[in-house]
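First up is the structure itself, then whatever we jot down about it.
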C-alpha cells in the first residue's frame, strides 16, 4: 500500500472527524503498512483550525457546488475531476476514505475508475445523498450513529464519530460529579449552533436572558459562530458571555452542566463523550431532516430533550429549562445516558475496522 487520502471538505462536521482519523492512522502507520497519508479538502477551508493544525499534508481542490453558475458547472466540475485524477495518480493513492458530502465525489470516482479501495464515513442516521450513491462501491462504511434504514448495500458497522485527541476528556464527569446540589448554584449552560453558528438558537437564548427568573438559575456561555458574533453582541446584555469561535472545546464542555445545541453528529458525539445532558434544537431545513433523526436517537436513549421549532419564540425552551431546574435527578439520568451513547475510541475503532487490524 503506497498512499492513503482522507477526503474531508464541506463543513466542520466533515473536517473534524477526518482530521481525527488522520491522527490515529499516523499512530498505526507501521501496522497498516502505508507510505504516505494526505487530507484532501476544499480551498475555502484553508483557514479551518483543524486543517491548519493537521497532522499530515493537506491537498486542496475547488470542486464547484450545485449552487454555482449553472452553465459553467459541468465544465468546472469535469475539470476538477480530471485534476483530482492526475493528483492522485501522481501520489500513488491506493485508498480513498470519504468523510461525506459533495466534495468527496471526484475522489470517490477516482477510486471507482482505478479500482482502489474506498472506505466511507457517514455521520448521520439518515445518510447523505453522496454516500448513499456510492455505498455499493465502498469496501466498508463506518456509521457514527445507527442508520435509520438498516438495508445498507455494503459491509458497515456503527462505531461512533471520530473525535480529535484534544477533544477527548481525560475523565467524563456525570452531572452529580460536577454540580453540588447543596450549594444551589446557577447551572452552567453551553449554547452552540455547530461550526457555523445558528442565528435561531442565538436569538432564542438572547430572549431567554431577558427573563429575570432564568438569569437567576442559569449562566449562559454562547458560542455564536464567527459570522454572527457582532449581530449577537448588539442584541445581548452587556454581561452576556459570548464567544465567536473556540478551538478549545474541551474547556467549555468541562465548564458546562448541560448544552443547548443543534444536532449535527460532531456536536452530539463530543457532548456524549463529556456526559452532558442535551437540549437539542435541530436545524429545521437540513436535508432529509437528518438533524431531527440524529436528535431523536439521543432523545430515545434518554440523553436529550428535543425542541422542534422553526421560529424564535423562547417559550418552549423556557418550559424545558424550568423543568430541568426543578429536577436535577432528570439531569443526572440524562448525563448517564449521554455517556452511554458515547464512543470515545471511535477514531481507533474506525481505523482498525477499515484496515482489518486486531
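Backbone N, Cα and C define each Cβ position, glycine as well.
Summarised by DSSP class, the composition of the domain 'Glycosyltransferase family 28 N-terminal' (4-142) is 66 helix, 30 strand, 43 coil. Residues or ranges marked as domain 'Glycosyltransferase family 28 N-terminal' in TrEMBL: 4-142.
The feature UDP-N-acetyl-alpha-D-glucosamine binding site is assigned by TrEMBL to 11, 12, 13, 124, 164, 195, 291.
Marked as domain 'Glycosyl transferase family 28 C-terminal' by TrEMBL: 189-340.
The domain 'Glycosyl transferase family 28 C-terminal' (189-340) scores a mean pLDDT of 92 in the predicted structure. The least crowded of the binding-site residues 12, 13, judged by other CB atoms within 10 A of its own CB, is 12. Other Cβ atoms within 10 Å of the Cβ of residue 124 (UDP-N-acetyl-alpha-D-glucosamine binding site) number 27 in total over all chains. For residue 291 (UDP-N-acetyl-alpha-D-glucosamine binding site), other Cβ atoms within 10 Å of its Cβ number 26.
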